Each structure stands twice: as C-alpha cells, then as structure tokens.
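Working notes for the structure below.
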Amino acid sequence: MTRVNSIIGFRPIPVTLLTVITYVSLFSALLFIDRQPPAVAKKGELDYWGVDIEEAWSDLEVLTRDFHPYNSRPNDDVRAYLLGRVQEILSRNGVSGFGNELQSSGYSGTVDLFDDGIPGKPGSNVTFVGAGSEDLTVYFEGTNIIVYIHGERPADELSPVLVSAHYDSVSTGYGATDDGAAVVSILQIIKSFTRPESQGGKRPKRGLVALLNNGEEDFLNGARAFAMHPVAKLPHSFLNLEGAGAGGRATLFRSTDAEVTKYYKRAKRPFGTIVSGDGFKAGLIRSGTDYSVFVENLGMRGLDVAFYQPRSRYHTTEDDARHSSKRSLWHMLGGSLATLRGMTDDTSKVFDSPNGSAGKGHNAVWFDLFGRAFSVLHLHTIFAFTITLIVVPFVVVLVAMWALGHFDKLYFFSNTAYIPPPPEHSIASRTTQGWRGVLRFPVAFVAASAGVVGMAFLINKINPMVVYASQYTVWTCFLSTWWIIAWVILRGADAVRPTALARGYGFLEQWLLWLVAMIGVAISIGKSHLGSGYWVLVFYSGFFTSAFISLLEMAALQKKSEVKIAVSGDDQAYPPEEHSQTGASGNISNRAANDDDDAGEHATEETPLFRGPNRPLSFAPHRNPRYDNGDHDSGDILVEEKDEAVYGGEQGWSKDLPSWTWILQFLATVPLQLVLAGSVALLLGNALAQTGADGSDMLTVLLGFGVFSIILLLPVAPFLHRITYHVTLFIFVIFVGTFIYNLAAPPFSPNARLKVYFQQTVDLQTGENNVHLVGHPDYIDRIVSKHIPSAKGKVDICQADKLKSGLRRCSWKGIAPRVVPQAPGGMPPEYGFSDWISYNVTKTGDGKATIKLRGRNTRACKLLFNKPLAKSPTLGNPIPGFPNTRELRLWSRDWERGWSVELTWEKEEDQEENKDSHSSAIVVCLWSDGNKVSDEIPALHEIRRYLPVWAIASKLADGLVEGSVPFMI
C-alpha cells in the first residue's frame, strides 16, 4: 500500500509531477498554436482544392509593392492587375463572362464578371449617413470587381453565397494582411470554384459571388457601393475576409448565428472564440469591417474571419509580405475553401425564407480546441445548461451533505469529540478537527489575488506600456505572484495544522465561487445575449464534480461516533475502562472546544509559535501541566498512533480515505479548464496588449491580464499544499527576474514599435501649413521635441487630441507639401497652393446654393458647413430623410473630375437667432498617396527617417495631407 500511495496517492511527488507536466505541456501547446500558424498543406491537398499557394504568394507580392489607398494612383494599378488576373483565371479554366447588367437569375453561362466602374458605364454610387454621426454624409463612387459563379440551382431557388475582401490599403501600409492575403485568397477561390470537371472541379449547388471591393479603409465605402449593385440582392449568406493585424492565424472574428457558424467547423484548422464577437456586440471593439454593411444594410447572415495580431504592425509599413508568411496565407485560404464549399453545397432553405429574406438564426457560442476541433452551440442551449447547473448541483450537494450527516459521516464542519477520549496525559487529538482548513482557500485566494492586483497597479504606475512589447513577461510576473503567495499560505498552513480536509474544502469553496460566476453568466446571457462566459460552465462543472467526489470519499469513512484513537508511548492502546463516561464528559467538552485551535491556556514566553498534533507545546524541558496528572514523566507523554496510510500529521480517521481519487479531481478541474481559459487569455492578451497606442487605459489592460492569471491558477489551488518547495523556489527566481524586467525594461522594441499618427494640414488661402503628430501622452512630446529636426523649438502646442481619445497631439509649422504637380521653375510650393482647389458657388434661391468643386491630383474632397443642411445634398444616389448634415465627404472614381452639389439650408426668416449671419463652409481636399513622400510629403518623409527605432508612423485620417479653403455663401 505504501508503494502504491507513493505512485498514485495524494503525496508530494505524484502531485508535483502531474501538476508541472500538465501546466508546462498545455501552456506550451497553447503558446505554440498562438504564435505559429499551421504548415502549408501538401501538394495532394492543394491539388484537391485546385489552388496554388506559390501563385497566391506571387500575387500578394505584386499587390504590396506600393501603398494603394482608394485615393492614390497605385490603387488603379492594383485594380487593373486584379481584373486581369480574374480574366486570366477564367480563361484558363475555360469560362468567360463580362457584363454590367443583371438580367435575371437564369443565366446561360456559368460565370459573370462585373467591372463596376468601367469607363463609359454607370457604376454603383451611394450616399449614406456616416455610422455613429448623424451630421456626416458620405457620397461614394464604387470601383468594385464582382465575379458571380452560378450554381446548379438558380438564385431564386437557392440564394448564392458571398465571399468578400477589399483591395485598397491605408496610405501608410502596404496591405499584405489588411487585406492583401484575403484578396489573393479570393483569386484562388475563384480558380477553385471554376475548375472544369476534368481538373477535379465540381459545380456548387448554390452560386458564389466573389467581391473585391475598393474603399473599405475610408468608411466601409466599397461594401456600401456593392449594396447598390443588382447582384447584392442575390446572396443571403456571406464570408468576409479581413485583416486587423499582420500575420499569424486568421480567427473567426464574429458571426451572425449558429446556423452559419457550423460551416466554419469544416475548416481543417479552425481558430476563434465567441469572446471576440461579444467584444463587437458590447461595443468594446470600435473598429468596423464590411461585415457590418452586409448584416445591417443587406440583411445577410455570415462570418467575419480576420487576422488580428500583432496590432503594432497594423496600418504601418510593416504590414508587408516580409512580415507575413505563406503559413498565414494558407490558414485563411484553406479555412475559406472548406467553409465556402460547405455553404455552397447546402441545399436546405435555412437562408432562404418564404418572404425572400435571409431569415433569422439563433445566437451562437463557438470556440476552438488547440486549433483543430471547433464547437458550435446555441446560446439558448448554454443558457439552459447554465440555469440547470446552478440549480441541480446545489441540490445534489445539499442532499449529499444531509445524507452524510444522517449517517454520521459528514466530517466537514465537524468538531465531534472522540468517545472515549484519549488519556489525560496524551497529546492525541480529542475531536475530528473537521473545521480545520475551512478558511485556507478563502484567505489564500484573497491574499494572492490582492497581490496580483497590487502588482498591476505598480506596473501601471512605473512602466504601464511594458506589456506592449513584453506581454509574456507580464503574464509570467502575475502568474508567479499568485502562485507564490497562495503556495506560502496553503503550504504553510498545512505544515502547521495539517488536515485531510484541505483539498475537499478547496473544491467545495471554489465550487461556490464559480456558482457566483455562473449567476453572472446567466445574467449576461439573459440581458445582453453575450456568450463569452461559456468557459465558466466548464470550471463550475469540474469543481462541482470534484467537490462531490470529496463528499463521496467520506462514505468510505467510519461513523464519527465510532472512531477509536490509539496512543503509543508504552506501546499500548488505552483501554476504554480507564476512563468512565462520566469522568470523561467533563473534560471532553472543554478539550473538544479547544482542540481545534489549541488555545486552552494563556500564552507565555514558552508558548510555541506553531502548534499542532504530535508537537510539544513548548521547547522547554519541563512537563506541560495541561497533560500532566502528576504521575508521569515527560517521557511518558502518549501520542496518537496512526496508520501508515495517514499522511503526516493529518487526522487518524483519514486512513480510510481513498488515496487515488485526487487524480480524478485533477482531471476534472485542470486540463480542459486550462485549455479553454488559456485560449481566451491569449486572445485577449494579443488583442489588448498593444492598444495603449490607440489611447486605451493601460490599467484596465493590466487588470485584465491579472484576472486571467488568477483564473489560470485557480484549478491548481486545492493541490498546492502538496506541491514541493522546489517548484515554488524556481517560480520565485522567475518572479524576481520578470518583476525587475517589467519595471525597468523599455516598453517598445524594433519588433513592437509604438504607433504615432501623422497628418499635415494646409490653409490654401494663407499658405500656412501645420504638421500634426498624435501619440501616447507619455512619449509623443519627447519624440517630437528630441527626434524631429523641423519640430525642435517650433512646437506650437501639445494637447489632448479630440479625435483619438486618450492620446496627445503635437503641432508645428512643417515642411510644405508638394502633392500637386507644379510648373517648372523651382518656386516654393507655397506659391502654388491657390491652384490646388477650384470651386464655384452659385446661390440658387433663399437658403439654396449649388457648389462645384474640384481638387487637383485627387479624387477625394469634403465640405464642412457652419450650419446644418435642412435637406439631403442632391448628388449621386441621395437617400432622403437625413438632413442636419454638417460634413459632406465626396469620393469620385475619376481623377480631377470634381462634383456638383445642390445644398439647402433653413431660410433666413425661419431661423430663431443669428438672423443676420451668413452661411459659410470650408472646402477640403485630401491627398493620400504616400509612395513618393520624399518629394510630395517631405514632412512625413522626415518623420519616418528620424523617428526612434521603437516608433513607427501611421495615418491619422483618410488624407495624409488636407488642403482647405473657407468661403461664404
């Protein structure tokens, strides 16, 4: 039995080994999955899908040669390249099609290509109200590329599926991940779905609409323009491919419902959790994707799959092919192929309701396991499980405790005196000591958690941005803090006052803790329809199971009233007749009352610091009067004789407890919990660690790290007192290193550079130009004053930025831009500012005017009004019913064509005040091409050249340069 206990019993070596192996192996696996995308499929699998990863990578390299925002010449080059590639793919596969009019749902061909914006043909123009701003109106002319691959069944019978990506980049990023990888993936998807049968092709049951839209980065404009195209009325489901990071794995960002999410299960390497979707739903993630347009404007149901890390490279020059990989590309492409094949081969009517709409699905909860398995559940099912698990286990525990109490076997919360008691001169325990250990986990939990929270406040005070480049050292510091404090308390208490109930109390009390969390989960589901607490159910169920096992263990024990205590000293167990029942009763009650806390007499200088069974109460050589009846020497003191199955100084009755059940409890509470919580922790860590550059409160981020550090170690708490000191000593060394590092290390590095945001504004009337650099308030002043030559001693003001909350803006008179070509002669650019914008205002009536405006070398301008418009501006496809416009943004598919806009204000006599005031406005045009900054935007070139190596520039707004002219109406 001793040998068996040493192998599988609840002993230090088995517990330590299993704990260390489990945590190290699972953490290593989770980190590997998080950092390393899966390998590219072998040739056989690529041939099965009919795709070529080398060809896709070659396309990506072409697309990312230049910055290509909508308002740039390279954007036209990218569009021409993509159009040519689509035609090449269709021609190679023996199909062709080209049209701009959708006649019916029954086509004679198999593929139609729509060049939306071809010269001489009407394109998709759209006017809409800016999201979240009622006084903003946007007019946009689309230049999308649409490929409609027809299915076996017509669109009016089975709606086609939409797959979408945007081919524009931001003005400061090459767009390899945002959204080049998605664009080249769609090229390969078109290739796969149009293969002839001789090459392994298979015509889908439903059609597939492949959309390459232009203008997503500026306000989701491309998707809104697509909504005006006739093809947009056909699909009811979609897969949107995005990029909000720079490489890594593509995660399922969000989903409309469970029915459409199930298709993502077909992906060979699924990745994602509902936590990201709930982040959008709760408004915690403010950035948007085309997903919003497809759902809110077109009523579709679908998926949003996106790259999401590292955020420090997002919208910067490091979003290039060099910082991405073929592994990342294949992860998106492979998952998309499997998902779309499932969606297009589905012949059910789940997305085709009788009224012609996409119907409505059920809220979903989803998560992956090790990037290989994927679970999709209905939210209402999770809610039902939650309510059931709150009620049923609570009743089960109460019944089990009642039954154990009824049979006199409930050792928890007991201090039952042994009858007959040990002799007067024995130091053996006189009660079951069932209360011992009841407060250990609560005290350890509170103290260790307080230590982690305190550490978060300390780091936030001294070096809050260290998590930006070193999130793993922050994780390690928080984890080691909690472990050390909890271990010292739990192991120390076990050494001083050992008890066989410590593990059981730990499970029972954690189960109650997770019960409170379950109530919170139920409320979040019921009120807000948020399913991010799915992992709490696993924690709760595991700890209920383990707590119930601890209760079942007591069924193997003797009745408390039948426990006999043997003592040794003269190798004789005391006979019952030595103590009459009457004689014992007077002492039993007193001794029992004091047995658990050993506080029978007042402390003296000889009272020991620690007391416990089998320990003398003093280091002094004389007899203790408490156990001395005058007839015995100190050497005659009797101690409790315990079975070899009893560990250390634990209660003698624990010899009958099963020694192996801790393994079941460990398996119920540790592995799956670590996998689920660890996946969520890494997702949140990657998503939040670098948001400080966007103005996020770093204390909130650090506390989030702290909370999940606590959660990750809670499963091991009931076992901590059995883990040897060697582990904690090693962790302490790690803690010291990470603690010093987190307080002293530079927060940024060449691999995780702090983003600062650039824009230059020019008053074309006065010739005054200002450079604006926005960044983190702790660093932006230093960057501008110490590193930018043109700003040294010339910074006019640094103050809180109005556009980016939490950040600080520094402005100074910079080097004049040359974004508009000038006549030769070497004149300073300031002399040509007046030619950048031309406009003409004609008053057509009281409160009415027509303005014609045009910007040189641009196709993006805007009008800012001092008074809100009374009616919608008339231009393109106006949407009636949204007056009060104070800002009108204008986008044209043609260069320097300009716009003619009819405007209507309230009549002067209808205004209650400022009757004598005139309406005024400002014409602003944008220049967004950052490819020749040394010549055209030297201020940005200077910033890129002189920024410290740990900082990198990104765009502040749609235009890198804004030129403005005010006028009166």
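Glycine residues also receive a Cβ, built from the backbone N, Cα and C atoms like all the rest.
Predicted, not measured: the structure shown is a model, and the values here were computed from it.
Features reported for this protein in Swiss-Prot:
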- Asp178, Glu217, His315: Zn(2+) 2 binding site (BINDING)
- 581-592: compositional bias 'Polar residues' (COMPBIAS)
- Asn125: N-linked glycosylation site (CARBOHYD)
- Asn355: N-linked glycosylation site (CARBOHYD)
- Asn840: N-linked glycosylation site (CARBOHYD)
- 571-629: region 'Disordered' (REGION)
- Tyr314: site 'Transition state stabilizer' (SITE)
- 1-12: topological domain 'Cytoplasmic' (TOPO_DOM)
- 403-438: topological domain 'Cytoplasmic' (TOPO_DOM)
- 491-505: topological domain 'Cytoplasmic' (TOPO_DOM)
- 553-662: topological domain 'Cytoplasmic' (TOPO_DOM)
- 720-727: topological domain 'Cytoplasmic' (TOPO_DOM)
- 13-33: transmembrane segment (TRANSMEM)
- 382-402: transmembrane segment (TRANSMEM)
- 439-459: transmembrane segment (TRANSMEM)
- 470-490: transmembrane segment (TRANSMEM)
- 506-526: transmembrane segment (TRANSMEM)
- 532-552: transmembrane segment (TRANSMEM)
- 663-683: transmembrane segment (TRANSMEM)
- 699-719: transmembrane segment (TRANSMEM)
- 728-748: transmembrane segment (TRANSMEM)
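At the 8 Å Cβ cutoff, the transmembrane segment (382-402) and the transmembrane segment (506-526) share at least 3 close pairs (sequence separation 6 or more) and count as touching.
Taken through DSSP, the topological domain 'Cytoplasmic' (491-505) splits into 10 helix, 0 strand, 5 coil. The binding-site residues Asp178, Glu217 differ in how many other CB atoms lie within 10 Å of their CB, and the one with the most is Asp178. Here the candidates are the binding-site residues Asp178, Glu217, His315, and by Cα distance the one nearest Asn355 (N-linked glycosylation site) turns out to be Glu217.
Listed stretches 13-33, 470-490, 506-526, 532-552 were compared with the transmembrane segment (439-459); the greatest number of C-beta pairs under 8 angstroms is found for 470-490. The most crowded of the glycosylation sites listed here (Asn125, Asn355, Asn840) is Asn125, judged by how many other CB atoms sit within 10 Å of its own CB. Pairs of Cβ atoms less than 8 Å apart link the transmembrane segment (663-683) most often to 532-552, out of 13-33, 470-490, 532-552, 699-719, 728-748. For Tyr314 (site 'Transition state stabilizer'), other Cβ atoms within 10 Å of its Cβ number 25.
The stretches the transmembrane segment (728-748) and the transmembrane segment (470-490) meet in space: the count of Cβ pairs below 8 angstroms, excluding pairs fewer than 6 apart in sequence, reaches at least three. Over all protein chains present, the Cβ of His315 (Zn(2+) 2 binding site) has 23 other Cβ atoms lying within 10 Å. Between the transmembrane segment (13-33) and the stretches 470-490, 532-552, 699-719, it is 699-719 that has the most C-beta pairs under 8 angstroms.
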